[in-house]
Amino acid sequence: MGWPVNSSVQQITVLGATGSIGLSTLDVIARHPERYQVFALSGFSRLGELEALCMLYRPRFAVVADHVAAVQLQSNLAAAGLSTQVLHGKAGLCEVAAHAEVDAVMAAIVGAAGLEPTLAAVQAGKKVLLANKEALVMSGALFMQAVKCSGAVLLPIDSEHNAIFQCLPGDYARGLSRVGVRRILLTASGGPFREMPLAQLQGVTPEQACAHPNWSMGRKISVDSASMMNKGLELIEACWLFDATPAQVEVLVHPQSVIHSLVDYVDGSVLAQLGNPDMRTPIAHALAWPERIDSGVAPLDLFAIARLDFQAPDEQRFPCLRLARQAAEQGGTAPAMLNAANEVAVAAFLERRIGFVQIPSIIESVLSAEAVSSVEDLDGVLAADARARELAEHYLNRCR
Ligand code: NAD
Ligand code: MG
């Protein structure tokens, strides 16, 4: 039997379908079967969950980590009567990201592993819904150049960047100062440790770090939110997405996570986007853009929220923010090294090999050990990433 393709329905690839963003994306897609069809789903470790998603969404392709997992899933799906074809590895991810029949790709793999598949979608000129901020942080100039060359439509999923996108005029690509923007105000919740006495930070556990007060997310981004490295990565992400200098992006701690970010204009107007902290809002916005569709998110009840608070970020408590701003200013290989060192340090913290406060010290050691060089091509980015991981492992072993 051939694959039933309805040309008025958009074909969507969801990279990282078993994760928090992937599942929220599928939730929005399921509300609009007349608009969207799942073309491909990928998952890395939770094979049973990916299999259940395949049963539900009946994609044309599924992509898993390796050959063994692919054989297993293929046989389970065939036994259930599904014609889904199972691919594996980076090649499989790139294939479903760039496939001629795909209209839009949700890039929701976590970390550097998402770089090449996301770039493949960009190079194929797809509508790319970017959740995987690490890909853009690592390869900024190359990534944005590829968007320009291919004509891909890049839409931010990160709630802050989606908010900024919504508050900017349609022609912001002419330059922020040309369209009257004074600065971008990037909001941050401050995470679970915003008010914890500094002396207690050394002893916090992965469970405490992952218990975010407002958002339910994957473990890596939850730790990044607790250290505020997430905001640091988002500062770099904002500079690339909106062609801003690091000085044009100010971080504002806003504990309620109701205002998702703001744009400050030269005439004194400040535009903000508000909403309940639920990623289905930016996902629905980007999926349907420039239209609007129901996301399943409850309407915002401002009477119940009653107040909105703002504070300056505390750089003594959150050294990751300072390190990220430095890397943004340095440019070249610095953001890729920052990101890689952070990925290694966060994984070590989650495995209880190091304490929470050692995350920034390892990143700082890596960044001071290696001179920043310019980035010529993807190989240069991948080499900087590999070198930073090697250095981070070295400093990790010295911590123990
Ligand atoms: P998650 O950990 O819940 O899910 C990650 C997904 O990536 C899973 O499907 C997993 O199978 C896949 N994956 C993990 N390692 C992989 C590898 N080596 N190769 C291929 N696939 C792999 O993460 P998440 O919270 O959904 O975050 C995904 C991305 O979205 C991250 O870049 C994160 O920064 C960004 N983001 C998330 C949120 C959120 O609310 N969760 C908000 C903004 C941005
Ligand atoms: Mg965010």
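Glycine residues also receive a Cβ, built from the backbone N, Cα and C atoms like all the rest.
Binding of 1-deoxy-D-xylulose 5-phosphate is attributed by TrEMBL to LYS133, SER159, GLU160, HIS212, SER225, ASN230, LYS231, GLU234, and the same site annotation extends, among SER139, SER150, SER177, SER189, to SER189. Per TrEMBL, NADPH is bound by THR18, GLY19, SER20, ILE21, ASN132, GLU134; the candidate from GLY218, GLY232, GLY268 named for the same site is GLY218. The binding-site residues near ligand 1, defined by a Cβ under 6 Å from one of its atoms, are GLY19, GLY218, chosen from GLY19, HIS212, GLY218, ASN230.
Per-residue confidence over the domain 'DXP reductoisomerase C-terminal' (274-390) averages out at a pLDDT of 97. Sequence-distant contacts of GLY19 (NADPH binding site), defined as residues of its own chain at least six apart whose C-beta falls under 8 angstroms from its C-beta, comprise ALA108, ILE109, VAL110, GLY218. When the domain 'DXP reductoisomerase C-terminal' (274-390) is classified with DSSP, helix, strand and coil residues number 67 helix, 2 strand, 48 coil.
The DSSP breakdown of the domain '1-deoxy-D-xylulose 5-phosphate reductoisomerase N-terminal' (12-140) into helical (H, G, I), extended (E, B) and coil residues amounts to 65 helix, 27 strand, 37 coil. For the pair GLU134 (NADPH binding site) and HIS212 (1-deoxy-D-xylulose 5-phosphate binding site), the Cα-Cα distance reads 20 Å.
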